[in-house]
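Report on one structure; see the data block that follows.
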Amino acid sequence: MKQLQDEITQALTKLDGGSEFHEDSWERPEGGGGRSRVLRDGAIFEQAGVNFSEVWGSHLPPSILAQRPEAEGHGFYATGTSLVLHPRNPYVPTVHLNYRYFEAGPVWWFGGGADLTPYYPFAEDAAHFHQTLKLACDEHHPEYYPVFKRWCDEYFYLKHRDETRGVGGLFFDYQDGQGVLYRGPNPKGEAANYSNQVGEPASRDWEDLFSFIQGSGKAFLPAYVPIVERRHGMEYGDRQRNFQLYRRGRYVEFNLVYDRGTIFGLQTNGRTESILMSLPPLVRWEYGYQPEPNSPEAELYDTFLKPQDWSNWTANQ
């Protein structure tokens, strides 16, 4: 997890070229700590945060025990790396990544994923991101991507807005190598239905899953950096910037209302500055906003905030 943080921050520093990461090391009184790295006011990134944490304690919080009751009464160990990158140019999408590992008494599991949140509709960007993640998944199991992509669409969904947070990517949790792949809260959703059709894959051990996490983590830079390089030089005006700031509001809404990592961090007395590092530095809300018909903003709502089969997209569609 530390190595992933190192590799990503080094690459992002080089990519941005205008600022560097500032590191805060912190300790958690109940056990553990972490390193938070934040780049601010860069040439490309308005704010970029890449966190590593490793914490332990005497008992898991209610948000985890609700899903894994067999961990009740055991101490826990949790480690992970997470990032959120908020670019300055509205044509460059925001991106999020998180990979984590938990142990509690007799149980252990991996979780995580990566997802893309564009402000303007470029289908080739969404397709590149998905295709790169799918390749990393396919090296380990042919059903990882189809299940975890659907789970991502389900998880990064703002129920009160009836829209996805972006074009998705991968999301998974409670992966211990046993049972069906989907372990989420919606037994009647698309992810569960697909996972049930596939059935239980062959048992996978700790090393198999750790290798999958490593491969997915390494796929992040090739999935995202080419998109940044393609878009960050595009000219934009007040209209695009205002729309970006408005759409960033959805990011805030999701992270404060639904995000499991935020809730876990706050319930376990994590470092608040690190937990809320995912929030953008500038954001705006607007009462009753409606995009103009047939505009790029309307296309975002009509196509990009609904689940699509991005990995099979081709340029002539």
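Just so you know, glycine gets a Cβ as well, placed from its N, Cα and C.
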Seminar exercise, completed: region 'Important for dimerization' per Swiss-Prot, picked from 143-178, 251-286, is residues 251-286
For this session: Go through the chain and flag residues at least 6 beyond the ends of the region 'Important for dimerization' (251-286) whose CB is under 8 A from any CB in it; none is fine as an answer.
Result: 24, 26, 28-30, 34, 36, 38, 40, 46-47, 49, 51, 53, 55, 57, 61-64, 82, 84, 86, 94, 96, 98, 100, 117, 156, 158-161, 165, 173, 242, 245
For this session: Look at each of the binding-site residues, Ser82, Asn269, and point out the one with the fewest other Cβ atoms around it within 10 Å.
Result: Asn269
Exercise. Can you tell which of the recorded positions (His96, His160, Arg271) has the fewest other C-beta atoms within 10 angstroms of its C-beta?
Worked result: His160
Problem set entry | Residue distribution over DSSP helix, strand and coil in the region 'Important for dimerization' (251-286) | 22 helix, 0 strand, 14 coil
Exercise. At the Cα level, what's the spacing in Å between His96 (active site, proton donor) and His160 (site 'Important for dimerization'), rounded?
Worked result: 21
Seminar exercise, completed: Of the binding-site residues listed (Tyr99, Glu273), the greatest number of other CB atoms within 10 A surrounds the CB of Tyr99
Exercise. Given Asn269 (substrate binding site) and His160 (site 'Important for dimerization'), what distance in Å do their CA atoms have, once rounded to a whole number?
Worked result: 28
